[in-house]
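Worksheet: one structure, shown below.
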Amino acid sequence: MTERTFSIIKPDATRRNLTGAINAVIEAAGLRIVAQRRVKLTEAQAKKFYEVHAERPFYGELVGQMTAEPVVVQVLQGDNAVLKYREVMGATNPENADEGTIRKLFALSIGENSVHGSDSLENAGIEIAQFFTEDEIVG
């Protein structure tokens, strides 16, 4: 089933000019990038996006990291896009990620793990709508 999912290429990766390399891994996995934009998140945007983690001890650091430098927000499309992208990203901790995954290839640490991907189809819709209108998605 064709789905859409949301991706963020995080500051640790954009700082190292890895957007193209990460996009190549995404596309090699059969996912299409149907919307993409480089943005600098405001504190309010980052807090809203990560509000599910608001009570966690790493929340403040996460918001700080995500607003420090630009990110690349994306909409990815393909068969079973949510699950496929989660597989392509690899485990949150790059030490546990499978070879060839984005996090194994590019992440610096569990905190600087290069990418975010939606964890469900429902959340993908919510996350996409925070950054893109339907007219901006060309698929």
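A Cβ is built for glycine as well, from the same backbone N, Cα and C atoms used for every other residue.
Per Swiss-Prot, the features are:
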BINDING   K10, F58, R86, T92, R103, N113  ATP binding site
ACT_SITE  H116  active site, pros-phosphohistidine intermediate
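In sequence order, G117, D119 are the residues near R86 (ATP binding site), counting only same-chain partners six or more apart with C-beta under 8 A. The DSSP secondary structure for R103 (ATP binding site) is helix. Of the listed recorded positions, namely R103, H116, the sparsest CB environment within 10 A is found at H116. Here the binding residues for ATP are K10, F58, R86, T92, R103, N113. Their largest Cα to Cα distance works out to 22 Å. Taking a C-beta cut-off of under 8 Å and a sequence gap of six or more, K10 (ATP binding site) has these contacts in its own chain: Q65, M66, V71, E112, N113, S114, V115, H116. In sequence order, G111 constitute the residues six or more apart from F58 (ATP binding site) in its chain with CB-CB distances below 8 Å.
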